[in-house]
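S.K.: Take a look at the following structure, please.
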Amino acid sequence: MNRSVRLITIALLLAALASLTYAVVRPFLVSIGWAVFVSYVAWPLHAWSQRRFEGRKTLSALVTTALLGSVVLAPLIWLAVLLQGEVSELIRSLPDWLEQKPRLPDFVSHIPYFGNELQAVVDQFEDLHGLLKRHAPEWVRRLGSPVLGIMTTLVQNAAVLFMTLFTLFFLFRDGLQLASDVRKVFTRVLGERLKGYFATIEATVKAVLYGIVLTALAQGFLAGLGYWIVGVKAPIVLGIATTLIAMIPFGTPFAWGSVSIWLLLQGETWAGVSLALWGTLVISWIDNIIRPLVISSATHIPFVLVMFGVLGGLASFGFIGLVLGPVILAMALAVWREWLQQVREAGLRGEDGSGTGPGERR
């Protein structure tokens, strides 16, 4: 077997092995991605845990993972308990609510012309019992698929969370050795330029972290302000809880949305609707402004590229795209700038006679 055939055979075998490895790991890529990001961000906490437990790697990794898991699970459990209580109250009050005739708020019904027209539409629903009997089967049939889809998504996200924490434990325990091995392999392939690429990745990941924290603080402040304006009790406590929940991708709507639903169930229609509008138009949208600005200013990447990275990453990779999108575009920009620098240096060598210019012959 000559050298060329041997190299081609090895390349094909490696390609087949890489393809099969990807097929095996693909269901867990999201969990692995989040675990890598969280382990990098929380490594100072793990270092403290290692000092506290005198270098016992397994125990310190377990404690750090448990602490991080509780930070994620505690707000979710709080929301579940809150919603469970309100749903139970809704079920108890549903019979009395069905006996009541629907009535618009006075400030709506007193609007000239439109108020009477809207009330006439609402009056068509006076017989709620009969309306439910006639249309309930059709409504249940139509809602069956969306509800099943929501339940499936919840189960999938719970599985992703479990696998993320599971992977996180092993990254904390063996991450240093793994990082050293990865660095050695890529240094052999890319040489000294690997340091610049790793610096770009590190700066981008830190910027994404700062963006998440600052966005959560801003959303918590705005949510607390909204709670205070509509008269919710303990707005500061709820604002702090919203800040913690905002650390979870797309978790903020669950915080102010739960409070809005609670207000509506308490009969505070105006307050519930106002808070829902405030959350939709202000609290949630601030995420699309602060995060790209922070990442752009910290990494010296154009704002438009960061915006594309965040939104495109979400569309392509899901929640992990919040990190992957900016990192991928930052790496592409770093490679582009390196090429431009090489072109400039080649041009300068051609101009001062130290190299061959574009129109010169060797």
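Cβ from N, Cα, C; glycine included.
Positions annotated as transmembrane segment by TrEMBL: 33-49, 61-83, 147-172, 207-230, 236-257, 269-286, 306-336.
Help me picture these features in the structure, burial and contacts included.
M.R.: Taking Cβ pairs closer than 8 Å, the transmembrane segment (33-49) reaches residues 60-61, 63-64, 67-68, 160, 164-165, 167-168, 171-172, 175, 205, 209, 317, 319-320, 323-324 in its own chain, all 6 or more past its ends.
Listed by sequence, the residues of this chain that lie at least six past the ends of the transmembrane segment (61-83) yet keep a Cβ under 8 A from its Cβ atoms are 38, 42, 45-46, 49, 52-53, 161, 165, 168-170, 172-173, 241, 244-245, 247-248, 251, 254-255, 258, 261-262.
For the transmembrane segment (147-172), same-chain residues at least 6 beyond its ends with a Cβ under 8 Å from one of its own Cβ atoms are 28, 30-32, 34-36, 38-39, 46, 60-62, 64-65, 68-69, 72, 178.
Note on the transmembrane segment (207-230): residues 41, 236, 238-240, 242-244, 246-247, 252, 255-256, 259, 263, 268, 271-272, 274-275, 278-279, 282-284, 286-287, 290-292, 294-295, 298-299, 322-323, 326-327 of its chain, located 6 or more positions outside it, place their CB under 8 angstroms from a CB of the stretch.
Using a Cβ-Cβ cut-off under 8 Å and counting only residues 6 or more beyond its ends in the same chain, the transmembrane segment (269-286) has close neighbours at 105, 215, 218-219, 222-223, 226-227, 229-232, 252-253, 256-257, 259-263.
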